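Input: a single structure, listed below in structure tokens.
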Amino acid sequence: MWLLRLTWVLAALGTVASSGSDPTTSPPGPASIFADLSPAELRAVRTFLMSRPELGLSPSHGGSLAKNTLFLVELLPPKKRLALRYLDQGGPRPPRHARAVVFFGGQAEPNVTEFSVGPLPQPSSYRVLRFKGGRSIPYTARPMTQLEYELLHLMLAEALTPLRRLLLDATGFWYNSSCSTGSHQRCLTFSDIAPRGLVSGERRTWLVLQRFVEGFFLHPVGLEVLVDHRDPDPRHWAVQQLWYNGHYFSSPRELAERYEQGTLAVAHLPEPPARQLFSSYEPRGRFTTGTPTDVHGAKVCEPQGRRYRLRGNRLEYGGWSLAFRLRSSTGLQLFDLRFNGERVAYEVSVQEALAFYGGHTPAAMQTKYMDAGWGMGSVSYELARGIDCPDTATFVDAHHLYDADGPVRFSRAICVFELPTGVPLRRHFDSDFQGGFHFYAGLEGQALVLRATSTVYNYDYIWDFLLYPNGVMEAKVHATGFIHATFYTPQGRRYGSRVHSHLLGNLHTHLVHYKVDLDIAGTGNSFETMDVSFENISNPWSPGARVPGEPGQGWDTGPHPTPAPTDCARPRTDPALVPCRYHLAVTRHHENEPSSSSIYAQNEPWEPLVNFESFLRDNETIEDQDLVAWVTVGFLHVPHAEDIPNTATPGNAVGFFLRPFNFFDEDPSVASLSPVIIRPLDPPTFSQLEVQRWTPASPGPCVSPEPFTYNGTYREE
């Protein structure tokens with residue numbers, strides 16, 4: 001554990017409104033300074049920038065890459081000092097501004113530029129935003145777009161023409177231009193790997209060819225293709241190498257010739273079944289006990305209604321209050337987190353999710369995913385009532401303008417619900433050791449959950465923030481979805497498990513980075529660690545005797561990063577991966593250090609725009625300062641057959657707690673009116689009991705009779 005001036009403890013957790021869309025039409029009060037941009041604000045920013053002739057912007061979709069396009073618009077949060085002046089001192093309300101990312105591809109030297117646009121709701125000006133150090137953003141560092149994928153599909157269809165006979169013979173499927181336009185009958189598709197190259201400035205991507213069937217991530221066909229697509233003009237793109245069934249080839253023609261000559265080891269794949277495909281969710285097999293699974297299981301209910309309040313982006317529950325947003329770039333972000341009116345943290349937010357792979361194929365050995373570069377906040381698809389969130393949950397829509405020509409509405413992207421934990425928050429049975437008891441008391445365990453998901457292609461991340469009535473906050477992420485798998489070869493067994501006939505589940509490490517800007521009783525905080533050691537002391541009540549192993553406390557005043565996981569500890573780790581070297585790092589708050597990563601780190605990990613190491617190497621004091629804790633949690637995933645069809649959530653969750661430590665005079669959950677106290681009135685017979693409670697004696701029926709519904713669409717408005 002780490003101590004924050006005997007107040008809130010940051011502890012690592014190892015692996016282990018209405019029900020409609022928007023509770024209110026406009027966020028009321030101070031929390032709204034942190035609210036995501038509304039569809040009207042997103043449209044206003046886009047309209048304003050598109051009208052500026054000096055920017056020369058074109059629509060994102062269609063046409064060529066050699067044009068200037070608006071890629072991303074999201075809230076640019078106010079500077080902390082301005083927000084605190086407004087929240088705490090009655091100062092002026094900070095004006096709302098947007099962060100806009102523009103790809104300038106239609107000029108002699110393409111680049112990416114970020115702008116601050118405002119004030120909202122009617123923007124009238126913009127200015128350039130700079131990263132710490134003032135570096136410009138290379139064009140090759142930009143995230144992929146739908147247009148670039150479409151052009152890759154077309155280029156690949158043409159490049160693979162010589163392999164038509166081989167692919168039809170080996171797989172029964174084929175890759176052609178119609179596959180990229182919505183016709184998926186017996187088509188091949190691909191998954192792309194990143195980083196896209198080996199040195200700064202490259203944009204060379206390994207593509208893994210797969211059968212386009214349900215769960216295509218688990219259907220590689222043994223062909224991987226390296227494409228150089230650095231030039232904005234697709235006519236200059238080229239296939240540089242291929243890997244097929246354990247061997248490298250310099251061109252599609254060379255591979256085709258080897259096949260025609262009969263000297264190629266062809267990997268013939270069986271025809272996929274029409275029903276109960278191994279990568280599908282269709283039921284198959286049976287449980288031997290015969291207990292029913294064709295009826296509904298246990299459900300969450302709210303017998304007397306909701307015990308939380310959601311107004312816009314402000315959430316209240318028991319002693320807790322906070323503002324939240326779902327930023328398109330990186331996901332859930334909490335602001336102004338308070339307990340009983342006193343601020344605990346100014347910001348708690350997801351920064352980055354990383355996954356490092358090992359493997360024998362070129363794609364597998366190259367894979368180091370940094371999911372902020374894939375817009376992990378923007379892939380917040382609809383949550384299913386009763387599955388992703390309880391039936392009782394309140395759902396909130398999200399609107400993103402990410403690689404789109406207008407706001408896109410993601411229905412039910414966020415949910416809020418109170419969750420019975422299944423274990424008492426606290427309890428005690430006070431035995432009389434004669435067959436009876438003096439009293440029993442217990443407080444049922446419940447927590448409020450704020451949840452969103454990110455489906456970053458194959459993987460699904462379930463992001464939770466849990467608020468407990470005793471002043472504890474938990475941040476947790478579950479990993480599920482399809483494993484990132486490659487074609488099985490005997491050499492690949494060193495790097496994973498054979499999970500199906502032609503499928504290797506590649507060994508990988510998941511790491512998630514959080515920002516925790518703690519403001520415990522103000523911004524002047526210090527960081528200390530507490531170490532517990534054992535000491536031998538003389539027994540004061542028995543001369544000559546010793547008391548072995550007596551625990552004692554020692555105090556230390558600096559961060560001590562624990563050993564880093566896997567790839568992060570290697571000397572040649574890419575600089576963009578530096579945050580994962582530290583389980584915990586503590587720095588001073590600086591306005592020019594808002595995040596530990598960026599959307600550009602995935603495609604420019606060698607010379608990253610955000611150099612997290614510089615946050616730590618400035619040799620600043622962290623005593624009585626405005627401090628930020630940067631927390632990394634993660635786990636090693638050794639795939640196994642039980643990851644088919646999807647990785648299950650049990651055992652694949654990590655997170656951390658914020659816990660009060662001598663901050664309150666007692667457990668603050670004593671303010672709850674939910675405990676039950678039972679005392680015998682006539683011991684030792686125990687025929688009469690006094691049951692003391694402050695809630696109704698019976699919860700009553702509480703399950704909604706409404707049928708299950710789901711839509712799943714997300715569209716521009």
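Each Cβ is built from the backbone N, Cα and C atoms, and glycine gets one as well.
Predicted automatically and left uncurated, TrEMBL annotations should be read as such.
As the structure is a computational prediction, the values presented were derived from the model and not from experiment.
Per TrEMBL, the features are:
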type: ACT_SITE; residues: ASP371; note: active site, proton acceptor
type: ACT_SITE; residues: TYR459; note: active site, schiff-base intermediate with substrate
type: DOMAIN; residues: 41-125; note: domain 'Copper amine oxidase N2-terminal'
type: DOMAIN; residues: 177-247; note: domain 'Copper amine oxidase N3-terminal'
type: DOMAIN; residues: 299-535; note: domain 'Copper amine oxidase catalytic'
type: DOMAIN; residues: 581-669; note: domain 'Copper amine oxidase catalytic'
type: MOD_RES; residues: TYR459; note: 2',4',5'-topaquinone
type: REGION; residues: 696-717; note: region 'Disordered'
type: SIGNAL; residues: 1-18; note: signal peptide
State, in range form, which of 41-125, 177-247, 581-669 has the highest count of Cβ pairs under 8 Å to the domain 'Copper amine oxidase catalytic' (299-535).
581-669
DSSP-assigned states of the domain 'Copper amine oxidase catalytic' (581-669) in counts, ordered helix, strand, coil:
11 helix, 26 strand, 52 coil
Tell me, roughly as an integer, the mean pLDDT over the domain 'Copper amine oxidase catalytic' (581-669).
95
What are the DSSP helix, strand and coil residue counts for the domain 'Copper amine oxidase N2-terminal' (41-125)?
20 helix, 31 strand, 34 coil
Tally of DSSP helical, extended and coil residues in the domain 'Copper amine oxidase N3-terminal' (177-247):
11 helix, 31 strand, 29 coil
